[in-house]
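Feature list (source: TrEMBL):
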- Thr107, Lys108, Pro109, Asp110, Gly159, Pro160, Ser161, Gly162, Ala163, Gly164, Lys165, Ser166, Thr167: GTP binding site (BINDING)
- Cys240, Cys245, His247, Cys253: Zn(2+) binding site (BINDING)
- 287-305: compositional bias 'Basic and acidic residues' (COMPBIAS)
- 60-217: domain 'CP-type G' (DOMAIN)
- 68-215: domain 'EngC GTPase' (DOMAIN)
- 280-305: region 'Disordered' (REGION)
Amino acid sequence: MGAVRASYGGDMLRAGAADRMALPAVGDWAAVRDWPDDRVTLEAVLPRRTAIVRDSADRTSQGQVVAANVDVVAIVEHLDPDPDLGRIERLLVLAWGSGAQPVVVLTKPDLVPDPDGMRAEVAAVAPGVEILLVSAVSGTGVDELGALLRNGRTLALVGPSGAGKSTLTNALLGVDVMPTGSVRARDGRGRHTTTHRELVVLPGRGVLIDTPGLRAVGLVADDDAVAGAFPDVEALAARCRFRDCTHEAEPGCAVRPAVEDGDLDEDRLARWRNLRREAARNAAHRTPGDRRAVVADLEARRHRR
Ligand SMILES: Nc1nc2c(ncn2[C@@H]2O[C@H](COP(=O)(O)OP(=O)(O)OP(=O)(O)O)[C@@H](O)[C@H]2O)c(=O)[nH]1
Ligand SMILES: [Zn+2]
């Protein structure tokens with residue numbers, strides 16, 4: 001049938017006003033109605049298998065769905081400039097929270113002398129997660145990445161602007177469908193080239209979703225998503241004598257000695273603490289009372305229009 005343009009039906013408008021999460025996102029399946037007068041309305045979004053959710057800036061809802069029904073979330077990070085380990089951890093939390101399987105894709109290995117050494121550093125912040133080195137320039141790893149797209153699976157690329165997501169999309173397709181940004185010569189940073197989310201169907205293979213550069217992802221992550229990204233720290237913390245151990249000075253703490261013995265990186269521990277705090281703050285902000293107030297406010301605004 002191809003592409004159709006649809007407006008929201010009444011139920012969809014109401015659901016979207018009450019919770020932004022209800023609105024369709026890229027990757028969603030939706031029911032549309034074809035009216036005799038040629039109008040097309042989007043009536044319902046079908047239940048999602050998975051959802052990548054980011055914080056919505058306006059706090060009017062639980063969050064905002066960046067992509068739905070994704071099977072594999074590829075966290076795309078460049079090796080040049082140096083990869084940002086904290087950003088990879090954050091995006092891993094986002095991925096674990098989505099219900100999809102994460103992989104880490106390290107791009108531009110052709111620009112650094114020791115890509116395998118850098119992969120090992122990244123592996124330390126991504127326990128249990130497959131890590132691919134992929135160069136669109138030399139072709140290294142493109143087939144491995146493409147293999148994730150078999151059997152009609154949906155692969156979403158997330159990562160900062162300039163990491164090479166659009167370039168990877170083009171490499172996987174074998175043709176250029178996405179505009180790519182040329183890196184500014186002076187500071188080596190990419191221009192922001194993807195202005196809206198794109199979904200590309202690769203016939204007989206799967207579906208590829210290229211999300212725009214997620215700069216500062218606000219997380220709606222819960223403790224489980226943080227635990228998914230930090231299984232090493234959580235395993236240590238589970239061995240502390242006290243369940244509410246703060247890992248500062250308590251007797252019987254298992255985390256502190258791991259740092260002292262060099263088994264756990266101090267910076268990683270600090271980032272784990274911050275993400276846990278962020279998850280707790282999120283949970284506190286989104287009390288049912290808050291949400292009722294937000295919905296009432298939205299309704300009032302709608303009536304004024
Ligand atoms: N040397 C090298 N350059 C690459 C590679 N992948 C991407 N680039 C370059 O990096 C720049 C940014 O790539 P894009 O694909 O536009 O980045 P993006 O992640 O899609 O960025 P947004 O669309 O802004 O989110 C472009 O100049 C690419 O040519 C690679 O594997 N090796
Ligand atoms: Zn402890």
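The backbone N, Cα and C atoms fix where each Cβ goes, glycine too.
Any TrEMBL annotation is an automated prediction that lacks curation.
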Using Cα positions only, nearest of the binding-site residues to Ala163 (GTP binding site) (Cys240, Cys245, His247, Cys253): His247
Candidates Cys240, Cys245, His247, Cys253 (binding-site residues) - the one closest to Thr107 (GTP binding site) by CA: His247
Of Ser161, Ala163, Lys165, His247, binding-site residues neighbouring ligand 1, Cβ under 6 A: Ser161, Ala163, Lys165
Other CB atoms, at most 10 A from the CB of His247 (Zn(2+) binding site): 21
Annotated binding-site residues Pro109, Ala163, Cys240, filtered by Cβ under 6 Å to ligand 2: Cys240
Distance, Thr167 (GTP binding site) to Cys253 (Zn(2+) binding site) (CA atoms, angstrom): 46
Cα-nearest neighbour of Ser161 (GTP binding site) within the listed binding-site residues, Cys240, Cys245, His247: His247
Among Thr107, Ser161, Thr167 [binding-site residues], residue with fewest other Cβ within 10 Å: Ser161
Candidates Cys240, Cys245, His247 (binding-site residues) - the one closest to Pro109 (GTP binding site) by CA: His247
By Cα-Cα distance, the member of binding-site residues Gly159, Lys165, Thr167 nearest Cys240 (Zn(2+) binding site): Gly159
Counts by DSSP class (helix H/G/I, strand E/B, coil) across the domain 'EngC GTPase' (68-215): 41 helix, 36 strand, 71 coil
CB-centroid shell, 8 A cutoff, Zn(2+) site Cys240, Cys245, His247, Cys253, site residues removed: Ala237, Arg241, Phe242, Thr246, Glu248, Glu250, Gly252, Ala254, Val255, Arg256
Between His247 (Zn(2+) binding site) and Gly159 (GTP binding site): CA-CA distance (Å): 31
CB contacts for Cys253 (Zn(2+) binding site) [other CB atoms within 10 A, all chains]: 20
DSSP-derived structure type at Cys253 (Zn(2+) binding site), helix or strand or else coil: coil
